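S.K.: I'd like to ask some things about the structure below.
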Amino acid sequence: FLLQVKDLFSSLGVGCNVLELDQVDDGAGVQEVLSEITNQKTVPNIFVNKVHVGGCDRTFQAHQSGLLQKLLKENSAYEYDLIVIGGGSGGLACAKEAAILGKKVMVLDFVVPSPQGTSWGLGGTCVNVGCIPKKLMHQAALLGQALHDSRKFGWEYNQQVKHNWETMVDAIQNHISSLNWGYRLSLREKAVTYLNAYGEFVEHHKIKATNRKGQETCHTAAKFVIATGERPRYLGIQGDKEYCITSDDLFSLRYCPGKTLVVGASYVALECAGFLAGLGLDVTVMVRSIILRGFDQEMAEKLSSYMEQQHGVKFLRKFVPVMVQQLEKGSPGKLKVVAKSTEGPETIDGIYNTVLLAIGRDSCTRKIGLEKIGVKINEKNGKIPVNDVEQTNVSYVYAIGDILEGKPELTPVAIQAGKLLARRLFGTSSEKCDYINVPTTVFTPLEYGCCGLSEEKAIEVYKKENLEVFHSFFWPLEWTVAGRENNVCYAKIICNKLDHDRVIGFHVLGPNAGEITQGFAVAMKCRLTKRQLDETVGIHPTCGEVFTTLEITKSLGLDITQKGC
Amino acid sequence: SEDSAPLLDYDLLVIGGGSGGLACAKEAAQLGRRVAVMDYVEPSPRGTRWGLGGTCVNVGCIPKKLMHQAALLGGMIRDARHYGWEVAQPVPHSWRKMAEAVQNHVKSLNWGHRVQLQDRKVKYFNVKASFVNEHTVRGVAKDGKETLLSADNIVIATGGRPRYPTQIEGALEYGITSDDIFWLKESPGKTLVVGAGYVALECAGFLTGIGLDTTVMIRSVPLRSFDQQMSSLVTEYMASHGTRFLRGCTPSQVRRLPAGRLQVTWEDRTSGKEDTDTFDTVLWAIGRVPETGSLNLEKSGVKTSPDSQKILVDSWDATSVPHIYAIGDVAEGRPELTPTAIMAGRLLAQRLFGPSSALMDYDNVPTTVFTPLEYGCVGLSEEEAVARHGQEHVEVYHAYYKPLEFTVAERDASQCYIKMVCLREPPQLVLGLHFLGPNAGEVTQGFALGIRCGASYAQVMRTVGIHPTCSEEVVRLRISKRSGLDPTVTGC
């Protein structure tokens, strides 16, 4: 192999240095380091102008694709065109897109283990400890409900069906491993250099990468994208880091969490509480103040009261934990939580097997050397302010994803932003990421999909008298025979009377809310009006069709409860 | 002349208490008019009868979607094991229990329709209608009692009923149709479904799904009026999930065997060979005939199409007689869908008695076929788009995808497929969307709106996805058929 490569280079008229590992003193040591840096255990291991190309086959592939010639010609002051810090949804999308555009790209990704010791592979929050495992656990809970419904639809079995947490977690973790692997593969296919190392700026255009063994390498690039995302926040009270878990730990937990206290009222808190209860666990949510802050509060109220009344989740409102104590070790153990009222001197305590903190997330921006190159962050929340092309105050440094100030913390947004950024930086496009009317869905037991403004925000922006709010309860057909409750699924749109009754807010609470909402988001992108809604024929029998027949406005104040059918 | 005209009882008389008729009647009553509805269900050849509400409620969308749901739940029970639920497999299914639950729900809807008519002061007659003259209709009740009604305006909304084959021995005696299947007290057992329309495939789909041995016999093309690539994926999925397909076959005889089972003989039209098998039930789903035969239309002067027997209408839904209208499945050239009939009925009442002059727009009507893998579509099929605009002016974006929930459940997603048919010239207006996968109905509804708002391909691509859903795959359709790139799933 080595000879072939040598021949290739000499045919190109390029000189190369060869280090024969079996002829130097510390050959084995060099090989080990090489494999750390490059993830390649075999030789020959070829570098061109400091860039790792690969083995013999990859060198010939690079020759065929023209990459090799490009690398040889490159006389750039920097090793890379782009270094992306953070291998989550946004970072990977940006890196791959830049590579497609022919650029030399490196991605640094390193998961600092959670205080409980949980860590994971490439792909970031969404794949490992976010959207993917949460939707799968949500699905597990929905299937529990389906089992319950199925008897009403004629399926016959008598046994009490139990849920096995380990089986579920194994299946989900297997899927995640395949996704991690897929990301590795797609980086390799696109010739993006991947380092499983922690990246820190050390000087302008230069980053230090530290791997798990503490080995350091330095790399330079013309441009940088910061996409480090966020990690769950801790309370800062006695016992929290020792005994509590977060969403970083829950999805790979080796044992069923048992009786669980979820602290927080974010969508993460409600989603976790929802599926844990759906799997049959005793779940309490401790809420300091507002449920689903930033979302439409009427929807939040309906969603949480469904969880409380129909789904068996207990809510402790206006309390915050002040201490967590371990009573018994075990899997799970037993914890005592002391909480105090936010409104008075009252304290309460409770005993739980697991305490899950979901009180918010902190940006991973404070320990990556940003101060060394002068990138400004918002000192309060650690977020990075950027302009409308995701550029920080340092012109060659960009930021995308959850660490952006004032932007939605959503995977598809980060992906979109990452791709478009790469195209603007290295392609001919000038398209900017559009952060308006981004749809999203909260996967609580009753799913909540929305796009556009909440009613509160709409009133704030347009004033109440200029709005018309249409709404209705609906009863999914499948729920009738299943004997599930009426008047909990709810549809609402907010229209701007001053602009042809344009739909500026869309909200749906019910099964498959995510699937329903997506198309409506497209319609809102096309400036949907109420009239167009009315003119569109429904698909019968679905839940989505309710939006084509909304007649009752809030201002009329008519009854929207459904009677019978 | 004015003097000899009979006393007109009603401002509006609606013949047919289905989705369209009831919507029209209620809307007219809401506008302050005196309205009557005549509805009568002629028992099916097997003697099945039902209450107020028409096909959709009684023998269509509603019971069909509920039985589809029963079948889906069967799949979920199998999935549940992978997600940690310890349920012993296989789980048996009781038709009797399901049917009773479905029928009870339908009966509650019948009751609800009655109450709604009463609330809106619409007079309801459970009578069979036939025209006496262009303003007068005779109604005959079950007991033979006659009522004569007259009205300024008459709306015919009698819908259609399943067709029986006329040339096949034993078809009428031993076969059933969708009029009967939902009302069976006992399981249909091993079933032969004859037909290739959506009714045939949906019925075969849920019968298979609840564990029955099901065969579909198709003369030529399944889902003829739909996009043919989608159609073949629909049947491919069904075939891989246990539905047996006999293609290019036509039945020639149905015989009852001494033990009560049915022996069906058919001809394989490609080989010319004859074959037989024994079934418990034979379900004809070979099309529907409009209910115009018993209306005595010649007395009213209303003209029908000699081919389809459907009533000829103009864009105002008026028949050849200006004050007589026809809406829904009975009207020539209309999509046979509940929501279009409802909307047409409401708009008609608004035009007749309100200030509105809005016409029903039959373009871009979305629909969903509730086969085991659901198929939702809106706008043009690929074939239609090419026929209208020419191959070189059409760009089709497509992708296979794997629903997240399928991964852990170890389900095969080979047929989960989406395609968006666009004009090729910028801004690449979207002409049609076709979605095959779970919850296709829910996915399609919003996109139907997008298409109504004139969505372009670029606008769809600029819309941020909702993660993780199936519908987000629509806003990620990057590969055009023309590019020849591989549209299959790539890992994640």
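Any Cβ shown, glycine's included, is placed from N, Cα and C.
Annotations in TrEMBL come from automatic prediction, not curation.
So TrEMBL lists these for the protein:
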{"type": "ACT_SITE", "residues": "A:His540", "note": "active site, proton acceptor"}
{"type": "BINDING", "residues": "A:Lys135, A:Gly199, A:Asp402", "note": "FAD binding site"}
{"type": "BINDING", "residues": "A:Gly264, A:Ala265, A:Ser266, A:Tyr267, A:Val268, A:Ala269, A:Leu270, A:Glu271, A:Gly360", "note": "NAD(+) binding site"}
{"type": "DISULFID", "residues": "A:Cys126-A:Cys131", "note": "disulfide bond"}
{"type": "DOMAIN", "residues": "A:438-549", "note": "domain 'Pyridine nucleotide-disulphide oxidoreductase dimerisation'"}
S.K.: On a C-alpha basis, identify the one among A:Gly199, A:Val268, A:Gly360, A:Asp402, A:His540 that is nearest to A:Cys131 (disulfide bond); the candidates are the recorded positions.
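M.R.: Comparing Cα positions, the candidate nearest A:Cys131 (disulfide bond) turns out to be A:Val268.
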S.K.: I want the residues beyond A:Gly264, A:Ala265, A:Ser266, A:Tyr267, A:Val268, A:Ala269, A:Leu270, A:Glu271, A:Gly360 whose C-beta is within 8 angstroms of the mean position of the NAD(+) site's C-beta atoms, in chain order.
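M.R.: Nearby residues not in the site list: A:Val262, A:Cys272, A:Leu292, A:Ala358, A:Ile359.
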S.K.: Give the number of CB atoms, excluding that of A:Gly360 (NAD(+) binding site) itself, located within 10 Å of its CB.
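M.R.: Counting Cβ neighbours of A:Gly360 (NAD(+) binding site) within 10 Å gives 15.
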S.K.: Once the DSSP letters are reduced so that anything not helix or strand counts as coil, what is A:Gly199 (FAD binding site)?
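M.R.: The residue in question, A:Gly199 (FAD binding site), is strand (DSSP, three-state).
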S.K.: Does A:Ser266 (NAD(+) binding site) have same-chain partners at least 6 apart in sequence with Cβ under 8 Å from its own Cβ, and which are they?
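M.R.: Listed in sequence order: A:Leu292, A:Arg293, A:Ala358, A:Ile359, A:Gly360.
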S.K.: Who sits close to A:His540 (active site, proton acceptor): which same-chain residues at least 6 apart have their Cβ under 8 Å from its Cβ?
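M.R.: Listed in sequence order: nothing, so none.
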S.K.: In which DSSP state, out of helix, strand and coil, do we find A:Cys126 (disulfide bond)?
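M.R.: The residue in question, A:Cys126 (disulfide bond), is helix (DSSP, three-state).
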S.K.: Just to confirm: which same-chain residues, 6+ apart in sequence, have a Cβ under 8 Å from the Cβ of A:Cys126 (disulfide bond)?
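M.R.: Non-local contacts for A:Cys126 (disulfide bond): A:Gly88, A:Ser89, A:Ile132, A:Thr411.
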S.K.: How big is the gap, in Å, between the Cα of A:Val268 (NAD(+) binding site) and that of A:Gly199 (FAD binding site), rounded to a whole number?
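M.R.: Each residue's Cα considered, A:Val268 (NAD(+) binding site) and A:Gly199 (FAD binding site) end up 28 Å apart.
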S.K.: Take the Cβ of A:Val268 (NAD(+) binding site) and count every other Cβ within 10 Å, whichever protein chain it belongs to.
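M.R.: For A:Val268 (NAD(+) binding site), the count of other Cβ atoms within 10 Å is 24.
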S.K.: So if the criterion is CB under 8 Å to a CB of chain B, which of the recorded positions A:Cys126, A:Ser266, A:Val268 qualify?
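M.R.: The recorded positions close to chain B are A:Cys126.
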S.K.: Between A:Lys135 (FAD binding site) and A:Leu270 (NAD(+) binding site), how far is it from one CA atom to the other, in Å?
M.R.: 13
